[in-house]
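Per Swiss-Prot, the features are as follows:
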BINDING   Asp10, Val11, His12, His38, Ser39, Asp60, Ile61, Gly62, Phe65, Pro66, Asp67, Thr68, Asp69  4-CDP-2-C-methyl-D-erythritol 2-phosphate binding site
BINDING   Asp10, His12, His46  divalent metal cation binding site
SITE      His38  site 'Transition state stabilizer'
SITE      Thr137  site 'Transition state stabilizer'
Amino acid sequence: MNLRIGEGWDVHALVPGRRLVIGGVELEHPMGLGLLGHSDADVLLHAITDALLGAAALGDIGRHFPDTDAAFRAADSRLLLAEAARRVRAAGYEIGNIDSTVVAQAPRLAAHIPAMRLAIARALGVDQGQVNVKAKTAEGLGPVGQNLAIEARAVALICATPGAGAIGPAAQRVSSAWSGSGA
């Protein structure tokens, strides 16, 4: 069994005049703030996207969906996450599970976690039981604690699709070289 783990992290500044979307769910910030970014700035989905791409050794969100590309301006991060999942599957892996944490002083997120889990599971094409979202505050510390930013972290577990031999192109070359069959 070939298991791989990826880690993702993202942070976006809170500013007036922007929507606040976390985990594919639009929320209201008590101070009327939203997240600044090229896309919809969904900090949680960006962290999960990075974790998945990293687990499959496919780089990061900036490589696949650069903020210099107008095609991704105001993009729905659920679509970016779905495309990242498609690329992970194309590389020969299936998604095992996602564990994630959002760190925000406000708004309170606990009541929104079921909707976030559902939105993430739908974007990934997995069962909701494969997705976990936790919410924490920064206890008033740092930029997150001062309502200047929201941060998210994620871990993704992926496993090779049976029969796909998903060890990645570089590892396949090394394996071939070791077995004497050349690169």
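Backbone N, Cα and C define each Cβ position, glycine as well.
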Cα proximity to Asp67 (4-CDP-2-C-methyl-D-erythritol 2-phosphate binding site), best match among recorded positions His38, His46, Thr137: His38
Of the recorded positions listed as His38, His46, Thr137, the one whose CA lies nearest the CA of Asp69 (4-CDP-2-C-methyl-D-erythritol 2-phosphate binding site): His38
For Asp10 (4-CDP-2-C-methyl-D-erythritol 2-phosphate binding site), the three-state class that DSSP assigns: strand
Euclidean distance between Cα atoms of His38 (site 'Transition state stabilizer') and Phe65 (4-CDP-2-C-methyl-D-erythritol 2-phosphate binding site), Å: 10
Coarse DSSP state, helix versus strand versus coil, of His46 (divalent metal cation binding site): helix
Position of peak Cβ density within 10 Å, selected from the recorded positions Ser39, Thr137: Ser39
Where His38 (site 'Transition state stabilizer') sits in the secondary structure, as DSSP reduces it to three classes: coil
Rounded to the nearest Å - Cα separation of Ser39 (4-CDP-2-C-methyl-D-erythritol 2-phosphate binding site) and Thr137 (site 'Transition state stabilizer'): 24
